[in-house]
Amino acid sequence: MIRNLTKLTKFTIGNRFYQSSSKGRFSGKNGNNAFKSIVGVSVGVSALFAGCVFLDQEKEPESTPSIDVKEKKSQPPKTKEDYQKKMDEEYDIEQFKYVIIGGGTAAYHAIDKILENDKEATILLISKEYEVPYQRPPLTKSLWATKDDNVVNTLNFSDWSGKKQNLLYEQESAYGNEILQFIRTKKVIDLHIDEKLVLLNDGKLIRYDKCLIATGGEPRQLKFTSTNDKKISTYRTVEDFRKLYEVVKDGGKHVTVLGGGFLGSELTCAINSNFQDKNIKIDQIFPESGVLSTLFPDYLSKYATEEIIKSGVNVHTGTLIKDVVDNSENGRLTVTLNNGKTFETDHVVVAAGIIPNTNVVKSTTLEIDPINGGYVVNPELQARTDLYVAGDVASYYDFSLGVRRRVEHHDHARATGEMAGSNMSTKDTPAPYTYQPFFWSDLTPGVGFEAVGNTSSKLKTFSVWEKPSSDETKQSYTKGNIYYLNDNNNVVGVLCYGNYGKMDTARDLILKRRTIEDLNQLQHAIDFDEHH
């Protein structure tokens, strides 16, 4: 057990990632956070489990049993505390005040809040990945623009202002001390909520006082005749970035990207814009009529697709991949489309979205949202007493929109992580999650936006462009605002296309829930002035 924890000094968290403008959306790591307070804290009296702070496990055991908390036969304990103490001793159970399952953005920001609020905290972070927590947006954006082949090792990049950043929120020196410990490359395969026990895939049991599930999602897989995982991959982690970068860095390759959503489109455009001079060719394939079709109105989806084609990408709309097979003659892959066409490629990236990872609880039933997926939580982000959920895997009720949602964007992961961490560690009444997260994307120089709320293309939309034209064929899509309305004519979502820094105004418009009697009321709801 860990004893005599070093006290942390009080700090004030900055407004990381609360900026509404894309020009501030990656301000980097705030130098004034709780992690800085624990860097340099010496490793404690007893190291984690097998005598080391960082534990690696690449292979799962052959059997992964569910949790069995039956007590060995002996003198029965008199109290629950006696029972737990006896059980912990007999089964060699390590105990932490806070256990965080998942090593992403939500987990990082939850830990930051816990360290701020609880000076007596002992925290265990469990991640299936090797890396300590890192930012995901640069994986499809800034990392590709570094022009430095050593980026796969340094993970350094420049933000919008030219400031140097690192993909990792904090370096490894912030982890592995008396206060915060980290288990890498291991999975939680079960939770026993009543006993507050976590079971790892090596059979190790860990007891918690409070636990956060922030497991994110798993990439959707597609089955092909070829099973060559060196040439067919999904794209979700920093390791995926490293592998794909190695494919394209020397040039002269052909890459095929499956998917026309955020991931597929951002990855396609990032590689294309930064490696065209190295003769990298890209085909993007998806079944919809245009990119981001679940977000953009049809006309804008088609326009964005045309812009991507103009940038040099070979885009296949309304198309599915029928199969991918190995070509034994030249070592490449042969792609067959559902329209009968075939072509050869060097690498296939499956970017078909994610499935929320709800596989960490087996012996206890947690409610899963049957429509959106993810664990159902209350307004305070609790799934059960002392068990919280944040990030992509949380299904929560959005009071502003009046619907239950599950959101897969960075700002939401940050905000729910902070809220869950705060509620887990506060001495005050836990607060409800009412924040309206925003998201952004930049595909080509002519396709970039920020958005907030429910921006489903299935909703009614009303578009206001800075330079409107009566001739649709001559319309300039440089700067505009798109409003999404529900059946009651309430604005429930706003997308600001090329019009940055307007998210606070957009949030206010959504929160008012005002019925729009005349759509022309929205003509001047959000201005086109520059706010960077």
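Backbone N, Cα and C atoms are what each Cβ position is placed from, and that goes for glycine too.
Residues or ranges marked as transit peptide in Swiss-Prot (evidence: sequence analysis): 1-26.
If you look up Swiss-Prot, you'll see 63-84 marked as region 'Disordered'.
Among the features that Swiss-Prot reports, region 'FAD-dependent oxidoreductase' is placed at 98-440. Per-residue confidence over the region 'FAD-dependent oxidoreductase' (98-440) averages 96 (mean pLDDT, predicted model).
Cβ contacts within 10 Å of GLY102 (FAD binding site), excluding its own Cβ and spanning all protein chains shown: 30. Swiss-Prot lists 102-106, 128-129, ARG136, LYS141, VAL188, ARG236, ASP392, 409-410, TRP440 with the feature FAD binding site.
Secondary structure at TRP160 (NAD(+) 2 binding site), taken from DSSP and collapsed to helix, strand or coil, is coil. Residues or ranges marked as NAD(+) 2 binding site by Swiss-Prot: TRP160, GLU450.
The NAD(+) 1 binding site annotation in Swiss-Prot covers GLY260, GLY261, PHE262, LEU263, GLU288, GLY353, GLU408, HIS409, TRP440. Around HIS409 (FAD binding site), taking its Cβ as the centre, 21 other Cβ atoms fall within 10 Å, counting all chains.
Annotated motif 'Nuclear localization signal' per Swiss-Prot: 400-406, in sequence order.
Below 8 angstroms of C-beta separation, residues 356, 369, 371-374, 376, 392-394, 434, 436, 453-454, 492, 510-511, 513 of the same chain, each at least six residues beyond the ends of the motif 'Nuclear localization signal' (400-406), sit close to that stretch. For the motif 'Nuclear localization signal' (400-406), the DSSP-based tally of helix, strand and coil residues reads 0 helix, 3 strand, 4 coil. Look at TRP440 (FAD binding site): DSSP puts it in a strand. Among the binding-site residues listed (GLY260, PHE262, GLU288, GLU408, GLU450), GLU450 has its Cα nearest to the Cα of TRP440 (FAD binding site). If you count neighbouring Cβ atoms within 10 Å for each of the binding-site residues GLU129, GLU288, GLU408, GLU450, the highest count belongs to GLU450.
According to its DSSP assignment, GLU450 (NAD(+) 2 binding site) is in a strand. Under DSSP, PHE262 (NAD(+) 1 binding site) is assigned to a helix (H, G or I) in the three-state scheme.
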